[in-house]
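Some features that Swiss-Prot has for this protein:
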BINDING   A334, Q335, T336, G337, S338, G339, K340, T341  ATP binding site
COMPBIAS  71-80  compositional bias 'Basic and acidic residues'
REGION    22-246  region 'Disordered'
REGION    230-249  region 'Interaction with RANBP9'
REGION    706-729  region 'Disordered'
MOTIF     290-318  motif 'Q motif'
MOTIF     448-451  motif 'DEAD box'
Amino acid sequence: MGDEDWEAEIIKPHISSYVPVFEKDRYSSGANGDTFNRTPASSSEMGDGSSRRDHFMRSGFASGRSLGNRDPGESNKRENTSTVGGFGVGKSFGNRGFSNNKFEEGDSSGFWRESSIDCEDNQTRNRGFSKRGGYQDGNDSEALGSSRRGGRGSFRGCRGGFGRGSPNSDYEQDEGTQRSGGIFGSRRSALSGAGNGDTFQSRSGGGSGRGGYKGLNEEVITGSGKNSWKSEAEGGESGDTQGPKVTYIPPPPPEDEDSIFAHYQTGINFDKYDTILVEVSGHDPPPAILTFEEANLCQTLNNNIAKAGYTKLTPVQKYSIPIIQGGRDLMACAQTGSGKTAAFLLPILAHMMRDGITASRFKELQEPECIIVAPTRELINQIYLEARKFSFGTCVRAVVIYGGTQLGHSIRQIVQGCNILCATPGRLMDVIGKEKIGLRQVKYLVLDEADRMLDMGFGPEMKKLISCPGMPSKEQRQTLMFSATFPEEIQRLAGEFLKSNYLFVAVGQVGGACRDVQQTILQVGQYSKREKLVEILRNIGDERTMVFVETKKKADFIATFLCQEKISTTSIHGDREQREREQALGDFRCGKCPVLVATSVAARGLDIENVQHVINFDLPSTIDEYVHRIGRTGRCGNTGRAISFFDLESDSQLAQPLVKVLSDAQQDVPAWLEEIAFSTYGPGFSGNARGNVFASVDTRKNYPGKSSLNTAGFSSTQAPNPVDDESWD
């Protein structure tokens, strides 16, 4: 993202910086549909000539071709690639431009050609708009020996036409990227790139040369396609530094006490949590606690816990709270819906209340004591609401920042005081880069859904975070990781973040599915899925249902299809604007749309009350993702149902892990699925091949201390057979 005057926005937040791209009454179509007359805002905007002031050339044409002649020498200077969108550098069209007087015979430039300008040759004349927002003067181009002509239709890595033709910095030869200005290249000027576009980067990210309007099958506004600038998981969080200026400011959450402390109703199986087996590994773990009173929390925290409806601890809370209070690093694995958020928030808040806080709205630089990072915007906002609930009536202030919202709004929230910063990775690194927060006071670093935070999607950003100037080393801070799944390779990566003596807590059948969720696997071909989905949803009625698909385009397609079938449906995925995502979740929560079609952006950590059904229209590529998806139902002891469509052609690799997950959760395993698993993996296949009651175990070699404990009595016990072990969510 280019530099912006955030101080001005902070001082005058009520002044909008948005400038409309087109004003309908400012131009009109001529008789032939080619010419658009426009009254300019200033003479400098369109150039000095009167003919330029009287006309506005509308960029675009959804074509992979460009208007105007191509410099014959250019083919040797840049790749021979077609440009998608307005006025690119591909094939030229003669006599298709816009002229003040008339089209002259043999003139193929046409772009507001002024008869008063004496062009020495066709190449110079065809450039048009010399030394302004459109096409740079031919002599400058020749002298520079490289393609620096503003945004002539967005070639190679430049997404917007009409760049500012600065001969000094539009094209960075060392970086090999062009920076653009103008409506589709710059975010500062809505019409012609009159603002300096040099500081703005191309939006395409992947180097695609996409121009003014949508071309081919790619989406210009959302940036979807194979060179999409948004990440699927975080919905564009990694793309916060690209694209048009974001002006969306999310509405503040309700401030009344009843809304803050609205709580989940526990289900009929909540009391089964006491029978769950827990394994703690590492040196000298502290004893677990049985009640909130044993945690020695301050009275304000105890009052907030009671208001939130918390009456008893879940297994992960019984072990994690004393470990965190003892200052130990922690990696905790617990099934979905098990209260992991409260497990780390309560001891952190207790420490802050006891030791005091440093951040204040009266300080120029905010230095939070705790940073919590999660992979999706929806999840981090959910964590923030929990932090706000538990810190109600205290001096601790929690702040949430995430992508898809105005960066100035995020900064304004921070400067008002920030003790606990809840953030998604991209927006966090943006704010750190702007030097709006300091890291010297960080005492707690929390990674929620840590397996996702450390994989290839966010691993580099997390490593960049812990190496930022001022960030305390892992020996000087306390690092906490929570997730429902912790693959072995992720545990190895975690060594860079955690102290060597960290404790590992595994609760129940970690990495397995909850037995409160009834799982059904149906063998459905790819082209029969839609009809089967409609059949199931009609039988379900208005019960709240989440439908998971693999791609963003399919999410919108299925949602539209279901609406045509008179089934009220909305969708959420990474290409939707943040306001649309929040609106979709709001419609789903309130029951306006009982069906939500989602990609994996909604599979992680979202806690939506009373979701009765999860349907895997497309099975995910990994069994861990399957566990996270079906974990959206059957939470806090409530029951739920998960139905998955199994396609033989695309899902066979999941047969073996599916059989294991179903067996561990004491679910019926279809005979046809066992046959596929047996034929795929051979006669040695076993549904419980690992032989462990814990699906995720500490992978450290020769770690000292390991105990299997029952959460009710906390006595060491022999691990029971999985078939006899009660499960929970």
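Heads up, the Cβ atoms here are built off N, Cα and C, so glycines get one too.
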- [ ] Please name the residue among the binding-site residues G337, G339 whose C-beta has the most neighbouring C-beta atoms within 10 angstroms.
- [x] G337
- [ ] For the region 'Interaction with RANBP9' (230-249), would you mind checking the mean pLDDT of the predicted model?
- [x] 55
Task: C-beta crowding around Q335 (ATP binding site), within 10 angstroms - done: 30
Open item on the list: With every protein chain in view, what's the tally of Cβ atoms within 10 Å of the Cβ of T341 (ATP binding site), excluding that atom itself?
Closed with: 23
Task: T336 (ATP binding site) in three-state DSSP notation - done: coil
Open item on the list: Applying a 10 Å Cβ distance cut-off over all chains shown, what neighbour count does K340 (ATP binding site) have?
Closed with: 26
